[in-house]
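Annotated compositional bias 'Basic and acidic residues' per TrEMBL: 461-470, in sequence order. TrEMBL lists 471-480 with the feature compositional bias 'Polar residues'. Taken from TrEMBL, the feature domain 'P-type ATPase N-terminal' applies to 40-102. Under the heading domain 'P-type ATPase C-terminal', TrEMBL lists 921-1171. The annotation region 'Disordered' is assigned in TrEMBL to 461-488. The feature transmembrane segment is assigned by TrEMBL to 82-100, 106-123, 302-323, 357-378, 952-970, 985-1005, 1035-1053, 1073-1096, 1103-1122, 1142-1162.
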Amino acid sequence: MSGRRGRGIHFSRLYSFSCFRGSFRDEHSQIGQKGYSRVVYCNDPDNSEQLMLRYRSNYVSTTKYTAINFIPKSLFEQFRRVANIYFLVVACVSFSPLAPYTASSILWPLLVVIGATMAKEAVEDWRRRKQDVEANNRKVKVYDRNHNFQQTRWKKLRVGDLVKVYKDEYFPADLLLLSSSYEDGICYVETTNLDGETNLKVKHALDVTSSLHEDNSFQHFKAIIKCEDPNEDLYAFVGTLYYDGQQYPLSLQQLLVRDSKLRNTEFVYGVVVFTGHDTKVMQNATDPPSKRSKIERKMDKIIYVLFSLLILVSFIGSFFFGISTKKDIDDGKLKRWYLRPDAATVFYDPQRSALAAFFHFLTGLMLYGYLIPISLYVSIEVVKVLQTIFINRDQDMYYEETDKPAHARTSNLNEELGQVDTILSDKTGTLTCNSMDFVKCSIAGVAYGRGMTEVERALAKRKGDTHHDSGITSSNIQRSSGDRAGSGKSIKGFNFHDERIMNGQWVNEPHADMIQKFFRVLALCHTAIPEVNQETGEVAYEAESPDEAAFVIAARELGFEFFERTQTSISLHELDHKSGRKIDRTTVQQNVPHACGLELKNSSHIGHVSPSPENVLFLLRVRSYTLLHILEFSSARRRMSVIVKNAENQLLLLCKGADSVMFERLSEDAQDSVAITMDHIKRYSEAGLRTLVVAYRELSELEYRSWEEEFLTAQTSLNADRDALIEAAADKIERDLILLGATAVEDKLQKGVPECIEKLENAGIKIWVITGDKMETAINIGYACSLLREDMKQIVITLDSAEISDLEKKETRRLLQREGKLQLSSSEGNSIPFGLIIDGKSLTFALSKNLEDSFLDLANNCASVICCRSTPKQKALVTRLVKKGTGRTMLAIGDGANDVGMLQEADIGVGISGVEGMQAAMSSDFTIAQFRFLERLLLVHGHWCYRRISMMICYFFYKNIAFGFTLFWFEAHASFSGQPAYNDWYMSFYNVFFTSLPVIALGVFDQDVSARLCLKNPELYQEGIHNILFSWPRILGWMLNGIISSMIIFFFTTNSVLHQAFRRDGRVVDFEVLGVMMYTCAVWTVNCQMALSINYFTWIQHFFIWGSIAFWYAFLVMYGAMSPRISTTAYQVFVETCAPSPFFWLETLLVVVSALLPYLLYRSFQTEFNPMIHDVIQRRRLESPEVEAPKELSGKIGKLREEDSLLSKL
């Protein structure tokens, strides 16, 4: 819309209520006190008094680190891991003579582990910083000392600066609106980044500043603002403007919040009130948390167990070492004379055996350090990074329309995706497409519209009715709705199909006059503004709500096109049902209060002839309607009315509103189609549609004049009950209405949302919806996406009523809290899981310390939970409450800046890279383009990552225990001397070359079932929810398996070779050969154990497993070929001794088979008699891929749920 047109319209005159008229309230008396102490010098940011206040700059940062705190904070993050602390201590001790190894062999691996992880953290935080730099360097025009508006960066703004913001730009800070391109200071603001609502909010400047329209108007402008201190409340603002010696009250109507967008207004002038982290949107944000997965935190506990085991075996070794050392000199006799105890150092002194045992204990802590795998963290980091690459490149999560793939912004939480117990979801833009579509309507008792909603389709499917409503769905009727242009072009907001009234066919209906009145109400009863494309002639609309836009578009498509609004008229292209001609009807707005008595000039004249899209010529005729009043929509009134006078001097009241308030206002003489319309509305509501009732009445001149006098008296009242007087006057005229029909619009769900939610619920995941939208809107979406069902009893907790409002006005917060308690208590009495709906006011008290436990218990007993009118802070608090109260993994998903706190508070934050900007995506851990991709992200990638990481960690502990305990058994065999069983390089390369790559391949490629079966069998996901694969019994079982394997390797090897010749020349096994034999058996055993554990083999796994074993032999040959000074005990040991001996190969085969046999027997028994969920699915896939889930699987899932319920009660 042009600036010239903006100058011609006084939009404040369209509104009859006091939403723009400021008045001093009780809160204003607190200005200057604690919490209300902010002082802003308008257009004077360099004022000395303001400089002393030291307000924050407008620079914002969402990064986790800074250049100063990166090293200490990152090091703190690394040493939160217990294993890293242990290896740091060991590295320090390794410089002493106590170390059995060189210091560098311990220190360098630790530095590599910590350095690699810190580098990854730095890269991820640098990406966040780049996004912050982009936001901070956006441009805005600021009034400078030369009395001109000059461009500057957002980050340079200061409190008190005067800025000019243009259409479709974001507000750089919290601004006080001074004036706009409209003469009366109106502007439209889009707040989707704040509260998720797509409807435009109307803001209005104070009358005293609204006349400042030009840049040069501010040359002498000076004022002072005293207001509340920075806070997170998006729905309240209290302040006072001191200007020209007068005081003017300020409210939320004058506040333009950062990150909201200016719409439908050419420009606005504003003064910066809050900057940077003082702005309301940043006050609602929380610092980026340091998130760690539950598996990683549990891994620390396992490290504690292993560390305890390490201390235990070291103590045992040192205890027996001390005893044997003390006995080496008995009455002057040397028992082990070859050790020279008479000339020993302090580390082996029979006279000080206790001290020697203590030093041996320290040596043992380092010797058995292989029980604690330092390479585990490095391997996990590598695996997680590779897993994120697969997530990022998954074509099934790529959204072609916006060219956006899935993106893992952090690799720390991959396995958490497989353990999600509860999902907390935003609504607008997350579940929905941010648009409303006109789908159906009922006129004069006749239902129109052939489309089916997702809810209707799901109901028909459950009932087995596949032919209902001709199979036409609301997702495919856009092709038909484009018939007006004959091009098949889809029309946003219009998903309507019915040949009876489309393409002008409504003129042939028996009640064509009612249809004309119905769509005329839709075309006139609104505050939308048309924007006409001068090149194509197409009309687009800017409306305060998406519903209103859908109504205007529907009227246009069915022959009642609203195409122009000026200060004096609203113009319609209208198809006359009697003549079939297309007419220009113009609604003229009254310019002064007494314009109802004006004599209208000639109201009819012949216009020009223009072609229609169907190339049929219509005679255009202009008629004038005088717009007298608009009684706007509000959440309390739940209806909207306009009063107009037509060319025949008829006074008409046109009204639309919720059925709960409209039917009681109908005339008793016009009840013909009420019952039928109510039945249609019920059917529409069951279909998940949002309904409004449309009605009208004709007013007499006398009645109107009497009412207007009363209404104007109420408007000009200065009493505290002014709003109540206006409401009473409006209620008086909105009576005795004649019913025309009802509308049904669909808040279009994103594609696949109901199916996705159904799959997630079948997987055992609970879903909450937390939205800033109104309760009615949220409930409708709950039905549309199957969160709420018709057979579900709703528990509604709301404090949004007239009685509660009175209590608030009297500031009886104690009574208000008691009311909240009563409603919570009454709701808590329903022990059966139902649907819980709670509004923002109630949520405030439900989240208090004394009520939060009751609220959480109630919510946990409900099948679905919907929180309405929630602030961003409340979203974060609910997330925190559920996360801490349940102890389960929480996932939050949203798409707007209002969801940032929730995403950061949750264990996993998933951002939708949608139409509400990138704030949520920037603050999330994972981003996807559509909600339906969450199904694959969790059920496929989440399950795989959880399983892979769990198996990987368990296997890591297994292989290190299996290897480390061979050292313990050997030391016991060698009288606890502290002598390692293996060459130093053998032990150094064990976790690096001989066993590391197979476990990485397991963590990246293994699949228990395919992606198709993961989606087909969502119950498989419950293995992660109940943490079956990483439970303590399973972890301890793998550790026990490692101990058993080590015993078999050591005792079978030693007992088989100690009492017989090994070489052809008759020599027995020596220390070097025994070490090679045990090490060979260990390498074969742990790698073959990996082969048994893998479910999905690729050539990479084969290469890594068998290649690691082959590399061990190659290493023996190469290392043994080096000089004895380098290779020491490995010199030619394989080529000359082991390889030529058949016994070496036979012994290796028998020991490896024996070491693997316990695991094979256990898995065979488990699979046959107590199978896991994936075992059942694998067996079913092999037996018959088409067979549905057997009773065995259902019983397994039921058993898991019973155990989980029992644990939760405990």
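Note: Cβ is positioned from N, Cα and C throughout, glycine not excepted.
These numbers come from a predicted model, not from an experiment.
Remote same-chain residues near the transmembrane segment (106-123) are listed as 64-65, 70, 74-75, 77-78, 84, 87-88, 90-91, 94, 99, 366, 369, 374-375, 377-378, 381, 385, 411 (criterion: CB distance under 8 Å, separation of at least six residues from the stretch ends). If one looks beyond the transmembrane segment (1142-1162) by at least 6 residues along the same chain, the residues whose Cβ comes under 8 Å of a Cβ in the stretch are 1037, 1041, 1044-1045, 1048-1049, 1052-1053, 1056-1057, 1062, 1077, 1080-1081, 1084-1085, 1088-1089, 1092. Only sequence-distant pairs (6 or more apart) were considered; of these, fewer than three Cβ pairs between the transmembrane segment (985-1005) and the transmembrane segment (302-323) are under 8 A, so the stretches are not in contact.
Contact between the transmembrane segment (302-323) and the transmembrane segment (1103-1122) does not hold: fewer than three of their C-beta pairs are under 8 Å, each pair 6 or more apart in sequence. Across the domain 'P-type ATPase C-terminal' (921-1171), mean pLDDT in this model comes to 89. Across the domain 'P-type ATPase N-terminal' (40-102), the DSSP tally of helix, strand and coil residues reads 27 helix, 3 strand, 33 coil.
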